[in-house]
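Let me begin by presenting the structure, written as structure tokens, before commenting on it.
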Amino acid sequence: MRTKGRINKFVIADPALCIGCATCMAACYESAHVRGKLAVPRLVVTRTKSGVMPNQCRQCDDAPCVKVCPVGALKFANNSVELTEEICIGCKMCIFACPFGAIRAEAETMPSVNYAMNLNSNLGLDSEVEAKSIAVKCDLCKGSEAGPACVIVCPTGALSFINEEKINNELIKGKAESSVESFIQSALNNS
């Protein structure tokens, strides 16, 4: 459940600056791999008729994915929506619930043992590789002191990391100043 007064941190893309180079996807892949997560990008550069930009989890304050997860693999923590991949059962409910299409199912390969007796096998144990479907979403490069890798490597600055401090200190201040300036100009023009 959402904590009162909390503003989730998130990464946002500016489509006017995105050139579709997919450097963010490569950095995301590498960051996930280095941090011991399933090595797939957690954002996808999406091309439409209107333009191109990365699509990633918006870390919704009232996240529908959290509400539908039957095992609690998705939860609010650390001012974001966190996914514990290890307990995800691959039911895909979160994928259907996400209004942004920012959660995907990926196959995680894992060794398993088949205990079927087979005279040609080693003691009747056949080692196989099977795939387990798990949800994958942006985790803001949790555990990385540098912050989200996609933001760091974006060559055009199309990606920005937004946290509560930035919202309160920069965005709101900028909007307030712009609004006051507009009001003053309007008042002076009507004098």
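One-based numbering along the chain as shown.
Yeah, the Cβs are placed from backbone N, Cα and C, and that goes for glycine too.
Heads up, TrEMBL stuff is auto-annotated, nobody curated it.
Note that the structure is predicted; figures quoted are calculated from it, not measured.
Feature annotations, reproduced from TrEMBL:
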DOMAIN    8-38  domain '4Fe-4S ferredoxin-type'
DOMAIN    48-78  domain '4Fe-4S ferredoxin-type'
DOMAIN    79-108  domain '4Fe-4S ferredoxin-type'
DOMAIN    132-164  domain '4Fe-4S ferredoxin-type'
Fill in: For the domain '4Fe-4S ferredoxin-type' (8-38), mean pLDDT (0 to 100)
95
Worksheet item: Taking DSSP states H, G and I as helix and E and B as strand, how many residues of the domain '4Fe-4S ferredoxin-type' (132-164) are helix, strand and coil?
Response: 6 helix, 9 strand, 18 coil
Worksheet item: DSSP says what for the domain '4Fe-4S ferredoxin-type' (79-108): how many helix, strand, coil residues?
Response: 8 helix, 9 strand, 13 coil
Discussion item. Quick test of the contact rule: Cβ under 8 Å, at least six residues beyond the ends. What residues does that give for the domain '4Fe-4S ferredoxin-type' (79-108)?
Written reply: 6-10, 37-38, 40, 43-44, 55-60, 63-73, 131-140, 142, 163-164
